[in-house]
Amino acid sequence: MSKRKIKEEMLQVIAPEIYGPPKKEEQDYKPRKLKRVKKKKKDDDDDELDDEVELLHATAPRRRVQWKGRRVRRVLRPGTTVVFTPGERSTRTYKRVYDEVYGDEDLLEQANERLGEFAYGKRHKDMLALPLDEGNPTPSLKPVTLQQVLPTLAPSEEKRGLKRESGDLAPTVQLMVPKRQRLEDVLEKMTVEPGLEPEVRVRPIKQVAPGLGVQTVDVQIPTTSSTSIATATEGMETQTSPVASAVADAAVQAAAAAASKTSTEVQTDPWMFRVSAPRRPRRSRKYGTASALLPEYALHPSIAPTPGYRGYTYRPRRRATTRRRTTTGTRRRRRRRQPVLAPISVRRVAREGGRTLVLPTARYHPSIV
């Protein structure tokens, strides 16, 4: 043990290193007391001057954004007489009664050009719409109308000024009719049956610009033309079989006997026969649905194939590699033993429609009940 350690132990017994709280030093100076200065009362003359003029802000508060109001062009209201009379104030502008406004012959032209009574209020924005795609994916049809923009916002949302994502883009609708039919026959003689549902076909997206595409949706509305009705009625009138003629003669005799007993009436309107359009027989499919067919696939060698299903076990082909010949001249072929696959128990499950499925029996872990 060194002498330094012995001295430290002796000092620890005599004067242990335990320190008490520090002593506060006595303040030799007295704290300074602050005196509040009383404001002198202003004279009465100064109060009178202050009451007359009071400047709250020397300069107007500046806005963060330099904003300017819209420039308004003064438009003289129609019907106002411009007369200058010295010493008299100009009267309030006169506005016509709307009964008089509605009587104008060029009312629509005034509203379109924003003239007269239509020259006030918010200026409407001229909407300029450009079609992104004018191609026709159905060559057998011809367009009748232009591409009209469909409103995507409700009227209440437009008034509130709501904006949605991609608000600059809007869908369009266009009416198309068959090329081989005349336009008058299609628009005038065709009737739409409300009970039939239209056939909808969604076409793939066509790219018109980088990052921008157009998707066409074909809605085929089933219609019944009056030409089919006319041909059907003509066919009924020109039937000349002997059975029909005998029935017609009997009907004529019965009508003549009834006419002799009752008053004779003349029919001026032609008879209307409601004949349904002939339905085309639905083509029978030669093949089953594509979802019911399983593709040909290869299984991993570790997977045992299930009987009743397609698929085969993948066997990698041996690559043609050059081997060194042994000096003895004898070759040994190394055959890879194929793993012995255990047979799989299979169960057949009957489904609706007389279909049977071959499913493998599942094997559970011993811990699963």
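Glycine residues also receive a Cβ, built from the backbone N, Cα and C atoms like all the rest.
When you go through S140, S156, S166, S263 in Swiss-Prot, the residue listed as phosphoserine is S166.
Cross-referencing T85, T138 with Swiss-Prot, the residue annotated as phosphothreonine turns out to be T85. The compositional bias 'Basic and acidic residues' (22-31): residue composition by secondary structure is 0 helix, 0 strand, 10 coil, according to DSSP.
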